[in-house]
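Report on the structure given below.
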Amino acid sequence: MSQLRATKSGLVVRAVICIFIFLYLRNPTPAESEEEPAQPEVVECGFYPDELCSALFEGKGAAPQIAKFCKTPHKSEIHAHLHTPGNCSRISRGLHFITRPLSAEEGDFSLAYIITIHKELAMFVQLLRAIYVPQNVYCIHVDEKAPMKYKTAVQTLVNCFENVFISSKTEKVAYAGFTRLQADINCMKVLVHSKFQWNYVINLCGQDFPIKTNREIIHYIRSKWSDKNITPGVIQPLHIKSKTSQSHLEFVPKGSIYAPPNNRFKDKPPHNLTIYFGSAYYVLTRKFVEFILTDIHAKDMLQWSKDIRSPEQHYWVTLNRLKDAPGATPNAGWEGNVRAIKRKSEEGNVHDGCKGRYVEDICVYGPGDLPWLIQSPSLFANKFEPSTDPLVVTCLERRHRLQVLRQAEVPIEPHWHFQQQSHFNMRLNR
């Protein structure tokens, strides 16, 4: 009997906590209007996930803790569409893809995307549909090591869009290895020979997500970097020179690929190039991509990069500092809001700490990072793991889609909405 009473007491305590959580999320802050929107059926966490997302974006102190007790978004819809090949109209509508240019300005300025993926199928779909518009073009590099079921599902989606294709040449991508750089080069070759015209190319990985809309990305490029490449970076610091002075060869122990150092020292860079260190992420003009694929300096630099550690952190920025390269920025530094990343080494200076968890030096975002993310001037953010914290991407995705549709200058198709009614209690224009 005493055990039964204890169980009942525990249930009562949980019920009281749930009521408090619900009232907390429903209670507006003083700056918010007391007028409430039309209300659908109440569930255990309010109008899930909108109200919880609103509380997270507004930085309400208890919201990240509350998020742990609420149900996670259900991804079965995405998997059901892709593991059951069928009518492409059903797939594009069911997965809420935008199927027309949203303004004349966007229709006249096409972007190319390179997306390298190897896991998290639902996250890939969320990323692609966030950046997808029919006037852009997308090259997907699927890691050769990815499971066949994963590859088949990606192919099912890609088959439904004329402007999305999978790279014909794939790599077994190694962390910090040359294959990461080669995967981008493979896609660039496909993009320049495709029938689609594009102005700039942007590279992404499967753990990135946009925090700016397509229109905002175009405005940023045109206003700040017209006909210029964005490759944030500086002359290689002394403390990381071992990455390029010592040889790092890829090898495969028990199925994983690594690029550890060996005892052989590298030859000097070709053409007496000054080596820079910077971001692996870029925004490049089409002419610069054509230069990368044809110029002897670029070809020799690519060959030299085959046995250095993390060559993608050196290759793009080094070549973009050449004065004769198309769109070059020889005097640039770290400027260029390409990616919002929280590094552990920068905690306290650049950001207020990771609210999720650090993997190596990089923050995998948690719900508590959302206020920082939406205030960032960057175009994209990294790093997300929906398998760990699915609500982070879900909140960003819903907010992003509302912003996209608010900026549209064409009639909105019903299937572009994620739900019939939105219950975000926040200002999207801040």
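Using N, Cα and C of the backbone, Cβ positions are placed for all residues, glycine too.
Just so it is clear, the model here is predicted, and its values are computed rather than measured.
Feature annotations, courtesy of Swiss-Prot:
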type: DISULFID; residues: CYS53-CYS205; note: disulfide bond
type: DISULFID; residues: CYS139-CYS354; note: disulfide bond
type: DISULFID; residues: CYS160-CYS187; note: disulfide bond
type: DISULFID; residues: CYS363-CYS395; note: disulfide bond
type: CARBOHYD; residues: ASN87; note: N-linked glycosylation site
type: CARBOHYD; residues: ASN272; note: N-linked glycosylation site
type: TOPO_DOM; residues: 26-430; note: topological domain 'Extracellular'
type: TRANSMEM; residues: 9-25; note: transmembrane segment
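Sequence features annotated in Swiss-Prot and their locations in the structure.
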residue: ASN87; record: N-linked glycosylation site; contacts (Cβ under 8 Å, 6+ apart): none
residue: CYS139; record: disulfide bond; contacts (Cβ under 8 Å, 6+ apart): ALA112, TYR113, ILE114, ILE115, PHE165, ILE166, SER167, CYS187, VAL190, LEU191
residue: CYS160; record: disulfide bond; contacts (Cβ under 8 Å, 6+ apart): CYS88, ILE91, SER92
residue: CYS205; record: disulfide bond; contacts (Cβ under 8 Å, 6+ apart): ILE115, THR116, ILE117, ASN382
residue: ASN272; record: N-linked glycosylation site; contacts (Cβ under 8 Å, 6+ apart): none
residue: CYS354; record: disulfide bond; contacts (Cβ under 8 Å, 6+ apart): LYS342, LYS344, GLU347, CYS363, VAL364, TYR365, GLY366, ASP369
residue: CYS395; record: disulfide bond; contacts (Cβ under 8 Å, 6+ apart): PRO49, LEU52, CYS53, LEU56, PHE57, PRO367, LEU370
Margin query: What's the number of neighbouring CB atoms sitting within 10 A of the CB on CYS363 (disulfide bond)?
Written below: 25
Note to self: Can you work out the mean pLDDT of the predicted model over the topological domain 'Extracellular' (26-430)?
What the structure shows: 88
